[in-house]
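Engineer: Take this structure, written in structure tokens, and hold onto it; I'll ask about it next.
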Amino acid sequence: MKCSKCGRDAVYHAKYEGRYYCHKHFNELVESKVKQTVRKYHLIERGERIAVGVSGGKDSVVLLHLLAKLRKKLPFELVAITIDEGIAGYRPPSVEVAKRNAEILGIEHRIYSFKEYFGFSLDETVEIMGSFERGERVGACSYCGVWRRWLLNYAALDVGADKLAVGHNLDDEAQVFLMNIMRGDIARLGRTGPYYEVIHEGLVPRIKPLREVPEKEIVLYTLLNDIEVDLEECPYAVEAFRAEIRDWVNDMEEKHPGTKYQILRSYDKMYPLLAKAYAKRDLGRCKICGQPTNGEICKACQFKLKVQEKAKEKGLTFRVE
Ligand SMILES: [Zn+2]
Ligand SMILES: [Zn+2]
């Protein structure tokens, strides 16, 4: 097939709009989606310092490349942040991938590790918490998720960033939207969205410049442009419900091209109302770490205390701060 724009050989068929793209116009397609998302919601203002959470996986690495490109038109500063959770065999190579990409792009790169800030790597946490006993069986992913969120915010503050860019793509957004609907957790949808209704001091606003880019296009972008990414999946990642939703949405997209965009549009139309109803207006500060939180002690500190306690109980001697 030929490119719908220039007639050269096509490398991609965007079924949701019935068009074909050559390499050059495919790049433009992806890049313009990011530019439009940033413009539409004023995600980045001229001269701002933007931290990018880069895991080394395809989404965050492509995000870094696309923001580096966008920076040439809309001047702003970039700094790459990698969280090292401490997962043997998985994290070390991806940290290297993140590092090499930042280097190629000439972007400052900083690494923050669980071990350094919580006293335990994720591997150690899993070992200490054992099988995550009943009632506590939230699994490695919830510890990891809470700590990663905390540390990313800490890191973003530490590097003096105005915003924190994360690599969520269209598929992620559609999946999360549906998951929250199916769990009846509408409030959550009012707290993250295309933009922020309320900005809390001490909580660096998260922006998602890739939210209009399908995962498929991100993968193709790395391949066509020889971008090095780490394709390894986290060994702890076993969120079954999410995987079911993903497969189902992919199936619907196949049968009805454009479904993912329609889900996103629905979310975006509901978001202003949801945010009005559910955005948290007044957060306190954690008594231990000082980060914004609902209660007295934030979830990250609660987890840290729990792991410390358990380590003591088991007589394990990990470095505890
Ligand atoms: Zn073309
Ligand atoms: Zn805390």
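Each Cβ is built from the backbone N, Cα and C atoms, and glycine gets one as well.
Copying in the features that TrEMBL gives for the protein in this structure:
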DOMAIN    2-27  domain '2-thiouridine synthetase TtuA-like N-terminal LIM'
BINDING   Cys3, Cys6, Cys22, His25  Zn(2+) 1 binding site
DOMAIN    50-234  domain 'tRNA(Ile)-lysidine/2-thiocytidine synthase N-terminal'
BINDING   Gly53, Val54, Ser55, Asp59, Ile83, Gly167, Asp172  ATP binding site
BINDING   Cys286, Cys289, Cys298, Cys301  Zn(2+) 2 binding site
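Walk me through where these features lie, including what they touch and how far apart they are.
Structural biologist: Among residues of the same chain six or more beyond the domain '2-thiouridine synthetase TtuA-like N-terminal LIM' (2-27), those with a C-beta under 8 A of the stretch's C-beta atoms are 217, 220-221, 224-225, 253, 257-258, 260-261.
Of all Cβ atoms in the protein chains displayed, 20 besides its own lie within 10 Å of the Cβ of Cys22 (Zn(2+) 1 binding site). In the three-state DSSP scheme, Cys22 (Zn(2+) 1 binding site) falls into the coil class.
The secondary structure of Gly167 (ATP binding site), as reduced to three states from DSSP, is coil rather than helix or strand. A simple way to gauge crowding: the CB of Gly167 (ATP binding site) has 24 other CB atoms within 10 angstroms, across all the protein chains here.
Within 10 Å of the C-beta of Cys289 (Zn(2+) 2 binding site) we count 15 further C-beta atoms, all protein chains included.
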Engineer: Specify the count of other C-beta atoms within 10 Å of the C-beta of Cys301 (Zn(2+) 2 binding site).
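Structural biologist: Taking every protein chain into account, the count is 20.
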Engineer: Starting from the Cβ centroid of Cys286, Cys289, Cys298, Cys301, which together make up the recorded Zn(2+) 2 site, report each further residue of the same chain whose Cβ lies within 8 Å of that point, ordered by sequence.
Structural biologist: Trp150, Lys287, Ile288, Gly290, Gln291, Thr293, Ile297, Lys299, Ala300, Gln302
Engineer: Rounded to a whole number, how many Å is the Cα of Cys22 (Zn(2+) 1 binding site) away from the Cα of Asp172 (ATP binding site)?
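Structural biologist: Cys22 (Zn(2+) 1 binding site) to Asp172 (ATP binding site), Cα-Cα distance: 26 Å.
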Engineer: Which ones are near Cys6 (Zn(2+) 1 binding site): of the binding-site residues Gly53, Asp59, Ile83, Asp172, Cys289, Cys301, which have a Cα within 10 Å?
Structural biologist: none
Engineer: Out of Cys6, His25, Gly53, Val54, Asp172, which of the binding-site residues is least crowded by other Cβ atoms within 10 Å?
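Structural biologist: Result for the binding-site residues Cys6, His25, Gly53, Val54, Asp172: minimum number of other Cβ atoms within 10 Å at Cys6.
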